[in-house]
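Remarks on the structure that follows.
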Amino acid sequence: MQSSISLSSSYASTVSGPRHSFSLSGGSLVPSTLRFCGLRRQAFTSSSLNHHCRRRLQHSAAVTAALSNNGTGPTLFDYDLLIIGAGVGGHGAALHAVEKGLKTAIVEGDVVGGTCVNRGCVPSKALLAVSGRMRELRDDHHLKSLGLQVSGAGYDRQAVADHANNLASKIRGNLTNSLKALGVDILTGFGTILGPQKVKVGSSNKVVTAKDIIIATGSVPFVPKGIEVDGKTVITSDHALKLETVPDWVAIVGSGYIGLEFSDVYTALGSEVTFIEALDQLMPGFDPEISKLAQRVLINPRNIDYHTGVFASKITPARDGKPVTIELIDAKTKEQKDTLEVDAALIATGRAPFTQGLGLENIDVVTQRGFVPVDERMRVLDANGNLVPHLYCIGDANGKMMLAHAASAQGISVVEQVTGRDHVLNHLSIPAACFTHPEISMVGLTEPQAREKGEKEGFEVSVARTSFKANTKALAENEGEGLAKLIYRPDTGEILGVHIFGLHAADLIHEASNAIALGTNIQDIKFAVHAHPTLSEVLDELFKSAKVKAQASAPVKEAVAV
């Protein structure tokens, strides 16, 4: 499940330069590619593994007790790289570090996999898989149009919950085994930074030293003041993923990714949903045109109503036979507007960084609203804005882009830097997705953001659109409801943003995100060939419909005889 925090704050950094490279590891050429999901298997050549083993043998078996002067770092280290936090970001960084030949350890105070695997992306997708099947089986009109007859579709709540829990356990085990198999040491306990290059692990006096340290502690659900969470009738996404109950009527506070996905789950399982949104429109973090279409498809036809422009100033759990009560006030005037009585309330107001207890005060680092301040290379900044040597922070803890795969990409970028290759991650190339039915996906700028940027920098912005109704594969599935939108510069062909609402939108977005990452312009990508009939042709038609003044940047290569 992804954060409901607005994407606009994520677009502060833009970069240029190469987006791919190869590194020589143990005599083998190894591609240094971004691992977007953060969970893929990584194959290494035997020479690469032997190189890693040789590196480990070069280190001393132990290091003396921590230096008493925290302003001075040690000269010998237990590890080349120490990562505090074993979520998707920490895992991605560790795998890349091993590939680069670094002796690596991860400190984890909870369980491997972090929020994404245990309380977020992974179990939520299991629940959404169930909601998708239920919608298909209960959509008589859709089934009849395909010549199918199905009756009496139902579900077993506990079995659905077990499916989500079992998936999380399986992925958690896979991640743990992959780290161990590659020789990454997993140190159990909370990590506290004592000083430069020194970390205390757990409640014992064990101190570990490392040449470089990455903070990857992630985030926790954000609960606004006035809301009392009891874990039963007033819950966060952490509780909701356990699916201990399916309430008849649930209020969802926040209409971002988390709220939208849970509305999809709850309505598919028979609940009525009421959205409570502080801003004047639902889905405020999405492109406005996509939000409007998504509301028409995902909200209006379902058992969902909503209140916009209001705060839930107080939420009291159900007790003594009384329902959950929600007091609503006007977001602007703060005047009392209404009181709701529902069976349950889900707080989906985004996530807050988990950075307390890290010992940041020992290195003169002051958090900003809980986030660890970093520069464009994820290097931590102290209270005076100076770089803290050998210390980095990735993922939700730095707040640049609160997505699991962004954390993994940031971790890989840091490893590139500590192994001698300067690398700055282009956050505008990182895609995001909401796994509703149909799905929503996006990369780059929204149309308002692009037009604002164009106005400031003096360039024209154009928009191209294509409908899923024109796609053969979508029509074969009777899933023609959908739109793809391209925002671009007509003078240069630069892709500024792509937004998709429709069948498998989350899979389709990567052609656009990779084009942005690689610096591929529209006039070049138009020559790409897509299999027919496939949904990928939605993007093919989208790029071809753009009106670009510039010519293709590279000549067509000679034909190859086949």
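Note that Cβ sites are derived from N, Cα and C of the backbone, with glycine treated the same way.
The domain 'FAD/NAD(P)-binding' annotation in TrEMBL covers 79-411.
Residues or ranges marked as disulfide bond in TrEMBL: Cys116-Cys121.
What TrEMBL lists as FAD binding site is Lys125, Gly191, Thr217, Gly218, Ser219, Asp396, Met402, Leu403, Ala404, His405. The Cβ of Thr217 (FAD binding site) has 32 other Cβ atoms within 10 Å, all protein chains considered.
The NAD(+) binding site feature in TrEMBL is assigned to Gly254, Ser255, Gly256, Tyr257, Ile258, Gly259, Leu260, Glu261, Glu277, Gly350.
Marked as domain 'Pyridine nucleotide-disulphide oxidoreductase dimerisation' by TrEMBL: 430-541.
According to TrEMBL, the feature active site, proton acceptor maps to His532. All chains included, 10 other C-beta atoms sit within 10 angstroms of the C-beta of His532 (active site, proton acceptor).
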**Q.** Least surrounded among the recorded positions, given as Cys121, Met402, when other CB atoms within 10 Å are counted
**A.** Cys121
Q.
Rounded to a whole angstrom, what is the C-alpha distance between Thr217 (FAD binding site) and Cys116 (disulfide bond)?
A. 12
**Q.** Among Cys121, Lys125, Ile258, Glu277, Met402, which are recorded as recorded positions, the nearest neighbour of His532 (active site, proton acceptor) by Cα
**A.** Lys125
**Q.** By Cα-Cα distance, the member of recorded positions Cys121, Gly256, Leu260, Glu277 nearest Ala404 (FAD binding site)
**A.** Cys121
Q) CA-CA, which of the recorded positions Cys121, Gly254, Gly256, Leu260, Glu277 lies nearest Ser219 (FAD binding site)? A) Cys121
(Q) Suppose we draw a 10 Å sphere around the Cβ of Gly256 (NAD(+) binding site). How many other Cβ atoms does it contain, all chains included? (A) 24
Q | Distance from Met402 (FAD binding site) back to Gly256 (NAD(+) binding site), taken between C-alpha atoms, in Å | A | 13
**Q.** Nearest of the recorded positions (Cys116, Cys121, Lys125, Met402) to Glu277 (NAD(+) binding site) - Cα to Cα
**A.** Met402
